[in-house]
């Protein structure tokens, strides 16, 4: 790997230098060929294994943990920071630079009495979801590899330590700006320094002045709205949408007790530590705006409040428009050129009525959408009908759908288009759990198979049909904990 060290050299007050502590008996558990290409790597090697496991120095790396704060479950925590993630620097690749971080690399000054380690199950889950979201077309950080060990760590019970090698276009979070506004009062110069660095690194077309700052914040609002529209369309619940888990680039970031929907539930809670459902699936759009408001609050020393509010007011429109684009594609509805607000509302109601039907009939979210690839939209009889219990209610919806759909002249092409946007394979929690159990038993084959299938989520892959099925009873609606 070839590194540059812009964050390390230009923002010395934004991190603490800390070196990883190696794990014992390191070994590869998973490797992403796709992610490796981003930083010009080929195959995993012994030299790379030693370096990324913290057992040897990586040439050109500057090891550091970033400091930030954040709102966690609605309350402000004044000092967080990378408690178990150590960044090596920005690795250069054919299409730009990517931060390389060792998640689980050992304790840092921000560990808050933690051991700085990640357990194997959480490392595997982060690897799989990073791959899954990327291949579904959802903006996300990437995972290069998972490195296992025989090092014991204790959570609810004894587990083994592992490291996820994460790649990110940036590790700058909403919480970085909050820290230098709230926790380090009177440090407007640091906010400006961080803003200028962010613009030069990631928005070089914007000027480092008030006009550039305003344009940047509007872009963050729009990118966040688009990200959450993706989550709602694909059926993904993040689970811990704290402001310190929000990327300023609009990438999915910092995965914990996430879940893809099995049976559709509008307010599905995937996090055992969220009994009130603050971060439930259906709450994500509102939380996205709430988090942006906290970011805006942190930026008031450098951007006038009226300009911040004007940008925040664009959030709902950006969210709805991107969500409509994604959902119209799933349903096969033509995009309306210069659609009116009334037409958009009609489409939202049509989509909403269908998801309500899904929930009432306890249908699998992804599998139901996939069935549109078998639908003959020109037929008055829908092959979907047999999936529903309330047939009259479905018939009323389907008639309205056909009216909105209009005439389809090439049914086969229409069906293929549906299969290109409605995935057959998603990362169901029970599949991840089965792969983790197999890894614990020394069998990597299920993990490797699941990983390869998730790289082509829209392909039929008939030899892997079992991975597209609804979960067994024990795997329905699995709720994970924040313990990792």
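Each Cβ is built from the backbone N, Cα and C atoms, and glycine gets one as well.
Here the Cβ of residue 244 (active site, proton acceptor) has 23 other Cβ atoms within 10 Å, regardless of which shown protein chain they belong to. The active site, proton acceptor annotation in Swiss-Prot covers 244.
Per Swiss-Prot, ATP binding site is recorded for 81, 83, 84, 103, 115, 116, 166, 173, 254. Taking the Cβ of residue 254 (ATP binding site) as centre and 10 Å as the limit, one finds 21 other Cβ atoms among all the protein chains shown.
According to DSSP, residue 254 (ATP binding site) is assigned to coil rather than to any helix or strand. As annotated by Swiss-Prot, Mg(2+) binding site applies to 245, 254, with the evidence given as sequence analysis.
DSSP assigns residue 166 (ATP binding site) to a strand segment in the three-state reduction. Here residue 245 (Mg(2+) binding site) is positioned 6 angstrom away from residue 254 (ATP binding site), judged by their C-alpha atoms. A distance of 14 Å separates the Cα atom of residue 84 (ATP binding site) from that of residue 245 (Mg(2+) binding site). Residue pairs drawn from 81, 83, 84, 103, 115, 116, 166, 173, 254, the listed ATP binders, are separated by up to 23 Å at the Cα level. Taking the Cβ of residue 115 (ATP binding site) as centre and 10 Å as the limit, one finds 16 other Cβ atoms among all the protein chains shown.
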